[in-house]
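These come from TrEMBL:
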type: TRANSMEM; residues: A:12-32; note: transmembrane segment
type: TRANSMEM; residues: A:64-91; note: transmembrane segment
type: DOMAIN; residues: A:68-280; note: domain 'ABC transmembrane type-1'
type: TRANSMEM; residues: A:111-132; note: transmembrane segment
type: TRANSMEM; residues: A:144-171; note: transmembrane segment
type: TRANSMEM; residues: A:192-213; note: transmembrane segment
type: TRANSMEM; residues: A:262-283; note: transmembrane segment
Amino acid sequence: MKRSGEVIIEKVLALSGIITILTTLGIIWVLISESAGFFADIPLTDFLFDTEWTPLFAEKHYGILPLLSGTFLTTLIAISTALPMGIIIAVYLSEYADKRFRRTVKPMLEILAAVPTVVYGFFALTVVTPFLQQFIPSLGSFNALSAGLVMGIMIIPVISSLSEDALYAVPKSLREASYGMGATKFQTSFKVVVPAASSGILVSVILGIARAIGETMVVAIAAGQQPNLTLDPRQTVETITAYIVQVSLGDVQHGSLEYKTVFAAGITLFVFTFLLNNVSFWIKKKYQEKYE
Amino acid sequence: MNKIQRNRLVDSGFKYVGIFCTFFGIVMLLIFIGNILADGLSRIDWDFLTNLPSRRAAKAGILTAWTGTAWILGLTAIISIPLGVAAGIYLQEYGKKNRLAYIIELNIANLAGVPSIIYGLLGLEIFVRVLHFGGSLLAGAFTLALLILPIIIVATREALKAVPNSLREASYGMGATKWQTIWDQILPAASGGILTGIILALSRAVGETAPLIVIGALAYVPFVPTTPMDEFTVLPIQIFNWVSRPQADFLVNGAAAIIILLILTFIMNGVAVYLRNKWQKKISW
């Protein structure tokens, strides 16, 4: 009697786990089935090589490049901010700071990741952009620069906390050998510990990039909603995510081509983040047991 | 200056760079919160909390937004907590070596990296269209529940992992079955950690905007939702709507609503951190 109850419980628990697999399959199915309708009407070559994206205008073009360049540009700015900051913080906390300082500062950094992203968007639009306009008069009121910078601040904890874990895991003997050779703490940190932890740091950076690519509200609020094939950070750009929001806010008929553009944009986004996540997962698995 | 002196200078200089960077983000956040408080604090009064939305900024309130957020919080919790905890238990206690567990684990790592807006597209198709929930609270809650499921599962696993094996062995030794052991011994011992993870996951759900916009939550909802099938708005969407308008008065409303949203987020995170610390102190097994 008891045993059959046990078996049922195990099955129920396994079923809950299987829901996560169904979620993934659901995402893939939804994206493929809806964008299949899109690609039946629009040739893939237009999608990939046309330099304009104007599905909501009278004269329609369906080239994803302007959305990709917008996504790439804001992500690049965000990572250029978060990468040096995140790694310096990680090295400082892991190699220089004492234990108590680490313990108090780490939760404070995590607050940065806990603030809702719509709030960061407001920050970029109403504080950072006016501030930067004092130095860059040609900066538009919606621009890639402040959206990217604020996104960078938001991503700092992703990079710093994962990198710090990687640095912390480097065995003491390596550091001691380096000190024994007369190296300073700075030399030891950057020439011995950081290279030894490079795979973990790389994983943190890739996850940071994936996060920036998928971020929506900051760019929808502060970068604008105008597809623009440019790499000029002062200009208004639209990212893939911002486009999806723009269409969702409007009154688009279910089943129309405009409706399907959202899924074509979505599958592009999904492919990029999926690849980045898998690369990071692979790196983690491959280099995990280096010191064990 | 010789090379050794220069190296030492660089070394001590880096300390200041490190401190600067560590506090840079935090200081920016403080500046921002100061700004928000200056802009929005005077706007918050009883009327702001109890008024319906309005075209006139001075009359508009956040009643429908915060009730929508409360509904979403409750429904998402009801859906995601049993599923997430059950999946976590399965992975940690049952599926250590089987293939299904390995696939689920790989899959969760992947899901955690899927952008939230993609979950919105999933919800739009499955819950809004196929299951005919429409742009309702229920569709929103299911979408957000799927979004935070990986967080709850991972947190549950971590908490279960921290329970020492001696506890399991003692329970088995007394003749308890596997499930009795889990239910009576392991879960109570891990409850603090699980609860922390759940609160953090729910605080993430409260702050989400994009997936709810995609499933069709509206910015302008002139009534308070009374059933899970009602249309709704939430605080982040109301904020987004006000911030998107050109009039400065609506920006003030946005700042005021952000204060309310941040209070909610910080309370949830504060409780989670408090529980974590308390729980960590207790388990010196």
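Including glycine, each Cβ sits where the backbone N, Cα and C put it.
Keep in mind that TrEMBL annotations are predicted by a computer and have not been checked by a curator.
Count of Cβ pairs under 8 Å against the transmembrane segment (A:192-213): among A:12-32, A:64-91, A:111-132, the largest is for A:64-91. Within the chain carrying the transmembrane segment (A:111-132), a Cβ under 8 angstroms from the stretch's Cβ atoms is held by residues 139, 141-143, 145-147, 149-151, 153-154, 156-158, 215-222, all 6 or more beyond its ends. Sequence-distant contacts of the transmembrane segment (A:12-32) (same chain, six or more residues past either end, CB-CB distance under 8 Å): 263, 266-267, 270.
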